Amino acid sequence: MLKILFLSILSIQLSFQSDASDLSQDYLQGTFKDEPLRKAEDWTFSSMMVMNGDQTSKYKSYSSNWIDEPARFLPKYAKEQPRKIISEFYPTNQSARWPDNLVPYQISPELMNNAFINMSIHNAIEHWQRLTCIKFEEYQPSKHSRTHEAVVEFVKTNMGCYSEIGYPNFFMRIPNFLVKRRIFLEQNCLRGQIIHEIGHTIGFFHEHSRNDRDNYVDIKWENIAFPFFNRLNFEKAGEALEKDYLNVPYDLGSVMHYPANAFSMSFLKTIEPKDKNLEFLLGNREGLSFYDAKMANLAYKCSNKCKNQLNNCQNDGYIGPDCKCVCPEGLTGETCEILISKNEKSVPLSHLNLTCDFTEGLCSWSQEKFRDQIDFILNRGRSFAAEYLNSVGILDDHTFNQSGYLYVDTYFVKYRFESAELKSPLVKVKSKTNFCISFWYHMFGNDLVLPGELSVYLHQPFFSQNLTKIWSRAGRQDQNQSDWLYAQLDLEVMSEFRIVFKAQRFSGFLGDIGLDDIQFDEGFCSEPDTAPTEWTPWYILSGCFLECGTEYYERQRYCQIGIGEKSCNGPETDFQLCPNPECQNLTDFNSTENFTISFFQEPTLNLSIDIKNPLPNVEPVELNSALKTVRQCGQTVYLEVNETIQLASPGYPQEYPLETECSYLIRTENGSKIHLSFEYINIESTAINTCPDSVEIRYYALGQPGLRLCGNYSKNRSKKILEFTSENNEALVIFRSDWIKSANGFLLKILSQN
């Protein structure tokens, strides 16, 4: 008790000194310095501090390294917070939450003048506001001084990204005194990192600081570089305050969790999940996980503002910022009581709305879920790039009346060749029919690199499982930033079909790809496109760097599909000789300089894996007639203890239907667990290790992503056993298929056991 009283009194003094130059004075509530820099194009890379053997110096990989504040600056009290999110009240009985769920903020002039970091800050703020009831407003003294005694300030630092935790603890009030809770950002801190740092300011500690973490992860203390400084980053939070996780499970996929090799020596693991199948979740910097958002909404009591209070959300759901239940994927309904069960059938054109200006949404179009990596952004006014970079990006929709449009922001696409797809439903036609599809597109980017490509595909599944590219444009197309360009395409279809728009990023990241005002009519176009299929100009991928000697640079071009042939002749990539002079001969050369090749280790955020098997496809395993079989899409199954059933994909052992999503909720008695063992898998996979079709097993928590399995597997023919045991008395199985290919599916044996 005396310890808490002393620390509370000490907090008074330090809270009033938050503008002092000695940052250690602000560490009473905890300042964490983490999330170092990554390449601007790769904002989901997880960077780290690397030690090779006895090496005692840090180095950067593309300006990336993990840097935390030295342990000596962090008082013991700051590490004794026993939860993922700070307690609602300090020991002084002062609230640790931001009043009225509102966070006033300021951006320092140095960061405001940096277009990239300014855009990243606003992007991260928008992410928090979209998923929680916490709102952010630019600080206005006349408004916020009446309700707030603190403000968040985004300030520039020379190294790293770090922040202070929670709303300040005030034991005494000083009139007209404003405490600043600072988020320190180097100029290239990225969206995912800033989301993480805002989490600290909201009140979140690191996930692996939870006191129950030893049940889920092992800390490899021997692999931590500079342990004197960095061990504290791996300590548990302690028991200084009451334990309270708001009934939210430990979350390996939290944006507040370190990656597996944070502060690592020689890229060895410093954090290892006890369940190796879930290691891919570590290091998420995409954004808030399901349970991150749930905890924030619970901690800030978002449901209290809802006038018509709903019944409690079921199946791990929670009340979101719009006063509706937010459900784990695979569940829906007013209280998350309904399991998703759907499959697509062709629809007459008269029942669809494929003509769309995107003012009120996507009309009858939909975002692809499985075959792409990102989504189109539905936007009004300026795109992020146009707002914060000025020289590139989209200024408004093509009519300049603030209506909606779609775009892909190549600035925040993770990796080269990632894409977004917009697809129509499967359109039913009875005979040969002609259609005209027209649209406006925007491709104003850096003319020195190739930001990406916009393509249109036709899919007629009766004739082929493959898509036919019928139109494309690559690179910079617009002459002015305000220009939208117009395209008209004639289509002739013989059977049911769908149209797909695909926007794909290439090597450049400065240039949005916009799509607006799609018009879809039966008949011929009045002025169809007449541009022929042809190559783009050459774009340089790698330059010349040597001062002398033989060197080659790489260049690339892309085939733009138009009228006539649907392919181009000649190479897409080639190498050209650099105009370097010859080097002089060196008779004596002695160098003591050490060269280090550094690299990133990417976190495995892609939830898809392929089940690799050297055997060819094997015949489906027969159903066990002695067991109850569940195969109807979208069911809840209750098991008695020691009861065994088998779960099969729709149609098994025949091919499963296309465009299908089925959820199966398996439950047993409290205190029992569910054991799931695959007998057979034959599900579409790709050569690039992705799963367009998949079966996902959520055996840890309903809201936490599980492994998504595809490929070929037979328990009778494989040395590997694919089996999982639930963390508690429930598990969720989700089967998904896309609209391209089908296969036999899966057979799963399920047992309830004590």
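For all residues, glycine too, the Cβ spot is worked out from N, Cα and C.
GLU197 (active site): 27 other CB atoms within 10 A of its CB, across all protein chains. The feature active site is assigned by TrEMBL to GLU197.
Feature annotation from TrEMBL assigns Zn(2+) binding site to HIS196, HIS200, HIS206. The DSSP secondary structure for HIS206 (Zn(2+) binding site) is coil.
According to TrEMBL, the domain 'Peptidase M12A' annotation covers 83-303.
According to TrEMBL, the domain 'MAM' annotation covers 354-527. Across the domain 'MAM' (354-527), the model assigns an average pLDDT of 84.
Among the features that TrEMBL reports, domain 'CUB' is placed at 633-753.
Taken from TrEMBL, the feature signal peptide applies to 1-20.
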For this session: Mind checking which of HIS200, HIS206 has the fewest other CB atoms within 10 A of its CB? They're the binding-site residues.
Result: HIS206
Exercise. Within 10 angstroms of the C-beta of HIS196 (Zn(2+) binding site), what count of other C-beta atoms is obtained when all protein chains are considered?
Worked result: 29
